[in-house]
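Enquirer: Please find one structure pasted underneath; my questions will follow.
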Amino acid sequence: MFMNRWLFSTNHKDIGTLYLLFGAWAGMAGTGLSLLIRAELGQPGTLLGDDQIYNVVVTAHAFVMIFFMVMPIMIGGFGNWLVPLMIGAPDMAFPRMNNMSFWLLPPSFLLLLASSMVEAGAGTGWTVYPPLAGNLAHAGASVDLTIFSLHLAGVSSILGAINFITTIINMKPPAMSQYQTPLFVWSVLITAVLLLLSLPVLAAGITMLLTDRNLNTTFFDPAGGGDPVLYQHLFWFFGHPEVYILILPGFGMISHIVTYYSGKKEPFGYMGMVWAMMSIGFLGFIVWAHHMFTVGMDVDTRAYFTSATMIIAIPTGVKVFSWLATLHGGNIKWSPAMMWALGFIFLFTVGGLTGIVLANSSLDIVLHDTYYVVAHFHYVLSMGAVFAIMGGFVHWFPLFSGYTLNDTWAKIHFVIMFVGVNLTFFPQHFLGLSGMPRRYSDYPDAYTTWNTISSMGSFISLTAVVLMVFIIWEAFVSKREVLAVDLTTTNLEWLNGCPPPYHTFEEPAYVNLTS
């Protein structure tokens, strides 16, 4: 029975739960790695050993957080749980493939761990650039294991993307058009399209790297007519859409949370929100070389990538102001989920502003590979993606479990986390402007103060993570059951009660069209 339910599952709710648990578990591993980084950088001098070990930790931290925490939770967890419920589908289009998508992840995670355990580990950074990732600088199996790990995670995501696209297009009630689906469903659809188009390019790049390392091809070796910059183009053609893949489902969740706790029946500017997400998805594919301003591109090329990157600020601005307009005039309920959403809007905007700074190719020449970049992407990930995940979790926890969280503790948790992440990452802007480079385990004494403060912030965040575990435990032992949910007419996922029955929408939903 246990095996049939959890190992061979074809139920979107159970698979979503597996994704959430796996993502939470990986998130703990990723948090542990980040604390190793901040412990090393807490004061000048060496803590862990050499820079190879440090860079293995940094690389693992990135891969774990991106491929095993954010993506499984947002797309696998919330996506599986909510998309079928929101469109009134009985399950995903391909329920068994759905199960395989999940079960490819634990082996992938094990391969990544194995890569750290053999030889010297993969100290390449998450970008895995050759020649550092070649078989001279990284002899042994570490990088090869990392590449296999990425292959598995990539196959998992591609299959999941196919599944979501098919489900969303094909399994709506006959009367429901695409423009009547909730914004979270749209965000997952667009994310899935991005995954489907970008991951094969990554697969090609890392496969060529694999053959360069093991079969003496020279795709990225100038000695044989190759070019390491080709790898950078292939990697970032995936890598830039990837960062939008990480944030788009968050946009969808924030839209739902802000609408719900403003007491509105719909978000402000639904069509604008949809088109903005589609624009972001499209533009995300034509700006990749802004990660490569320092490799010696033509001035006209740099001018194009600078301006194209700045254009993304327009649809992003549409979304931010639409969220604010949704709040406007609403009967605002200061729930923990609303606090996460408001924190998201503010801090994501700050991260977006530093992104506009970095989009300027002239400035980026100076700021590239400094802590300014680290601060930028951690504002949009550690306070964008993670705040969206936390907001979505406390908002939909009653749906998933049938129990309510302790409101007061959840708010305290938010405050601690808010202080922690800001104290960790705000000082890194100063370090970057002062020229402290990324990916080094030690630094000149001049950088000590801000690094110490940053490391203190990371330990405050750790207390927040520990508190979150306690809050979830408290909810399950107290068993406060959900009595009633507001606004179910415009929030279809709550319609079947908390938690919903194992099978929902076994007969097609009746859709009442009102113009």
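Yeah, the Cβs are placed from backbone N, Cα and C, and that goes for glycine too.
What you are looking at is a predicted structure, and each value in this text was computed from that prediction instead of being measured.
Heads up, here are the entries from Swiss-Prot:
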type     : residues         : note
BINDING  : E40, G45, S441   : Na(+) binding site
BINDING  : H61, H378        : Fe(II)-heme a binding site
BINDING  : H240, H290, H291 : Cu cation binding site
BINDING  : Y244             : O2 binding site
BINDING  : H368, D369       : Mg(2+) binding site
BINDING  : H376             : heme a3 binding site
TOPO_DOM : 1-11             : topological domain 'Mitochondrial matrix'
TOPO_DOM : 41-50            : topological domain 'Mitochondrial intermembrane'
TOPO_DOM : 87-94            : topological domain 'Mitochondrial matrix'
TOPO_DOM : 118-140          : topological domain 'Mitochondrial intermembrane'
TOPO_DOM : 171-182          : topological domain 'Mitochondrial matrix'
TOPO_DOM : 213-227          : topological domain 'Mitochondrial intermembrane'
TOPO_DOM : 262-269          : topological domain 'Mitochondrial matrix'
TOPO_DOM : 287-298          : topological domain 'Mitochondrial intermembrane'
TOPO_DOM : 328-335          : topological domain 'Mitochondrial matrix'
TOPO_DOM : 358-370          : topological domain 'Mitochondrial intermembrane'
TOPO_DOM : 434-446          : topological domain 'Mitochondrial intermembrane'
TOPO_DOM : 479-515          : topological domain 'Mitochondrial matrix'
TRANSMEM : 12-40            : transmembrane segment
TRANSMEM : 51-86            : transmembrane segment
TRANSMEM : 95-117           : transmembrane segment
TRANSMEM : 141-170          : transmembrane segment
TRANSMEM : 183-212          : transmembrane segment
TRANSMEM : 228-261          : transmembrane segment
TRANSMEM : 270-286          : transmembrane segment
TRANSMEM : 299-327          : transmembrane segment
TRANSMEM : 336-357          : transmembrane segment
TRANSMEM : 371-400          : transmembrane segment
TRANSMEM : 407-433          : transmembrane segment
TRANSMEM : 447-478          : transmembrane segment
Enquirer: Tell me whether E40 (Na(+) binding site) sits in a helix, a strand or coil according to DSSP.
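Expert: E40 (Na(+) binding site) sits in a helix per DSSP.
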Enquirer: Around the Na(+) site formed by E40, G45, S441, which additional residues qualify by having Cβ within 8 Å of the site's Cβ center?
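Expert: Not counting the recorded site residues, we get L41, P44, T46, L47, L48, Y54, D442.
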Enquirer: May I have the list of same-chain residues other than H240, H290, H291 whose Cβ is within 8 Å of the Cβ centroid of the recorded Cu cation site, in sequence order?
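Expert: Output for this site, in sequence order: W236, G239, V287, W288, A289, M292, F305, T309.
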Enquirer: Do the transmembrane segment (95-117) and the transmembrane segment (12-40) share at least 3 Cβ pairs under 8 Å, sequence separation 6 or more?
Expert: yes
Enquirer: Roughly how many angstrom lie between the C-alpha atoms of G45 (Na(+) binding site) and H368 (Mg(2+) binding site)?
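Expert: Cα of G45 (Na(+) binding site) to Cα of H368 (Mg(2+) binding site) measures 24 Å after rounding.
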Enquirer: What residues elsewhere in the chain lie close to the topological domain 'Mitochondrial intermembrane' (358-370), defined as a C-beta under 8 angstroms and at least 6 residues from its ends?
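Expert: Sequence-distant neighbours of the topological domain 'Mitochondrial intermembrane' (358-370): 290, 293-294, 302-303, 305-306, 309-310, 376, 431-433, 435-439.
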Enquirer: When you look at the transmembrane segment (12-40) alongside the transmembrane segment (447-478), do they share 3+ Cβ pairs under 8 Å, ignoring any pair fewer than 6 residues apart in sequence?
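Expert: Touching, yes - the transmembrane segment (447-478) and the transmembrane segment (12-40) meet the threshold of 3 or more Cβ pairs under 8 Å.
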Enquirer: Long-range same-chain neighbours of D369 (Mg(2+) binding site), Cβ under 8 Å, sequence gap at least 6?
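Expert: Counting only residues 6 or more apart in sequence, the Cβ neighbours of D369 (Mg(2+) binding site) under 8 Å are T294, P437, R438, R439.
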Enquirer: Mind checking which of H240, H290, H291, H376, H378 has the fewest other CB atoms within 10 A of its CB? They're the binding-site residues.
Expert: H378
Enquirer: Could you give the residue numbers and ranges of same-chain residues that sit at least 6 residues beyond the transmembrane segment (228-261) on either side and whose C-beta is under 8 angstroms from one of its C-beta atoms?
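Expert: Contacts with the transmembrane segment (228-261): 66, 70-71, 74-75, 78-79, 127-131, 182-188, 190-191, 194-195, 197-199, 201-202, 204-205, 208-209, 219-222, 267, 273, 277, 280-281, 284-285, 287-292, 295, 319, 323, 326-327, 332-335, 337-338, 340-341, 344-345, 348, 377, 380-381, 384-385, 387-389, 391-392, 395, 486-487, 491.
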Enquirer: Round to the nearest Å and give the CA-to-CA distance linking H290 (Cu cation binding site) with H368 (Mg(2+) binding site).
Expert: 10
